[in-house]
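A.B. asks: A single structure is presented below for examination.
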Amino acid sequence: MIKYLIRRIIMLIPVMIGVSLVTFSLIYIVPGDAVEVIVGERASEEIREKAIEELGLNKPFHQQYLSYMSNVLKGNLGKSYINNKSIKESIMERFPITFKLTLYSFAISVIVGIFVGVVSAVKQNTVIDSIVRGTTLLGVSTPVMFSSLLIIYIFGVWLKVMPVSGIGDGSIKYFLLPSLVLGLNSAVFTARLTRSCMLEVIRQDYIRTARSKGIAEKIVIFKHAMRNAMIPISTNLIMSFGYLLTGSVITETIFGLPGLGSETVRAVFQRDIPAVMGYFLFQAVIFVTFNLLVDISYALINPRIRFN
Amino acid sequence: MEKTQLMNKSQKKEPEKKNKSNNPWIIAWRRLLRDKTAVFGLYIIIFLIFIAVFAPILSPYHPIEDFNLSEAFQGPSMKHWFGTDWMGRDILSRVLYGSRISLTVGLASRVVTLSIGITLGALAGYFRGKVDMVIMRLAEIMDAFPNFLFAIAISVAIGPGLYTVFFALGFVGWSGMARLIRGQVMLYRESEFVEAARSLGASNSRIIFKEILPNCMAPVIISTTMGISSAIMAEASLSFLGLGAQPPTPTWGSMMNFGRQYIWTAPYMIIFPGLAIVLTVYGFNLFGDGLRDVLDPRMKD
């Protein structure tokens, strides 16, 4: 297992180099001069050239890339072109907000998703099951911006019991609505997955054996079936955490939460190149880490993978 | 693997007893038409295609040119069923025209995904060795990016616009498609019918395109149908951020983006394009679910 782990982690190195190269190239071809962002459109030729010289933007691609990456390895992600703030600091300031949002959403997704999924599987082919299948598919088809805006309208115009925008003092009530939207959005996927995993398990012979031994249905479901169905479900949940962590761009933007997602959008639109670069690398590292966690959990469950 | 092959065989034998036609596609189609929810999804899709094609005839107003500032912010009425936006344009007409963008993006982006994914996946699975290694490493790099962020990055790098959306949303899906094709090609490349073609002197490209790929169509069709709905969803999100087709082109995402500022007074500016997205994605998801049940019996519950 340790051998497998080490091999997987070593394999990440070329992937991360590839990720940084792709991001750097994408930014390299961004239309509109990077210098204009810093010195303004009406700056004189002299100032422009001085800025280009200082930033090393006149150097060839590979030199720019190498000098950037050597800084990154030293833990220096550079400074924003717009507000001169350290990128590392911005990440440390904003990532906790995204993390909180993800954590609350994840909790909602797990609790609601698994409960609904199990109920639907146990009551297969009943009215409850059809209602669950219909609603979850409708949920899967609803874009998160639409549900966000509907929730904002409902709570802002009719109920008026909760803040619908911004972070205020950072207390939990500012996170409730965005977490609800993001959590339910993810819960419908969890519910569908739980349902099909449970049905897969319920069909197995050992469940029939357990039932024929006269064990109470509740125990069969929760002790025998749930335990085995949880294996594929939990691997998928790890992945969904990774998705939530990097996928809250729209929710953060709509609810005005100053997390990493909305900050990335800001940086992208203002062509704040060092910021874009830093945020992308950071989020790719997170995403890759969760991919790795999923693979490890697979390997723990299924020893055959380790020797492949 | 053994289990799947067994099931495939039993699936192929079964229809011979029931139906006279033994073309597996015709049989699959008949079974699909018996699935009520899939047929409902199919009706929604046909309805949307009808709207997209006949948008100029169905729309009461022109979506871009018929603006009238004195009629801005009108709620739904007999004159304007879905109300008017901040420029006094008819929202119903704009929603109808918006279907054109969504459906085109859904299809065009799949063409991009399929062409890159099938080519690279078939090469990797058929030739193995170094080709396989390089392509799979590229796929791993692709998978390291969160898809939506990567689509945003591409849109910004080549400049926002409709064609950028086709490419960005098509490109982010290639690694998944390549993996799928690679797995299928590896499954069939040692099979007897491929061996037979090879011994008859068929060229590599003939073996790949005429012998192997036609046998991989079922999972490709399932994943493409599902891909259409996620591409439509992603297009709406990109447009919502201002990275899709640029104004004044009516897209559902950008209508919601502009409507957002007026949410307190004019929620109908968001509700109608939003419902249009839900209906479209729902239609493709229903149809895709039905297709999966028919083409991949293992997934049926």
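Here the Cβ of each residue, glycine as well, is placed from N, Cα and C on the backbone.
So TrEMBL lists the following for this protein:
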- A:9-30: transmembrane segment (TRANSMEM)
- A:95-298: domain 'ABC transmembrane type-1' (DOMAIN)
- A:101-122: transmembrane segment (TRANSMEM)
- A:134-155: transmembrane segment (TRANSMEM)
- A:175-194: transmembrane segment (TRANSMEM)
- A:236-257: transmembrane segment (TRANSMEM)
- A:277-301: transmembrane segment (TRANSMEM)
A.B. asks: Is the transmembrane segment (A:9-30) in contact with the transmembrane segment (A:236-257), using at least 3 Cβ pairs under 8 Å (sequence separation of 6 or more) as the test?
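C.D. replies: They do not touch: fewer than three Cβ pairs between the two stretches lie under 8 Å.
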A.B. asks: Which stretch from A:9-30, A:101-122, A:134-155, A:175-194 shares the most C-beta pairs under 8 Å with the transmembrane segment (A:277-301)?
C.D. replies: A:9-30
A.B. asks: I'm a bit unsure how to read this: which one of A:9-30, A:101-122, A:134-155 has the highest number of Cβ pairs shorter than 8 Å with the transmembrane segment (A:175-194)?
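C.D. replies: Maximum Cβ contact count belongs to A:101-122.
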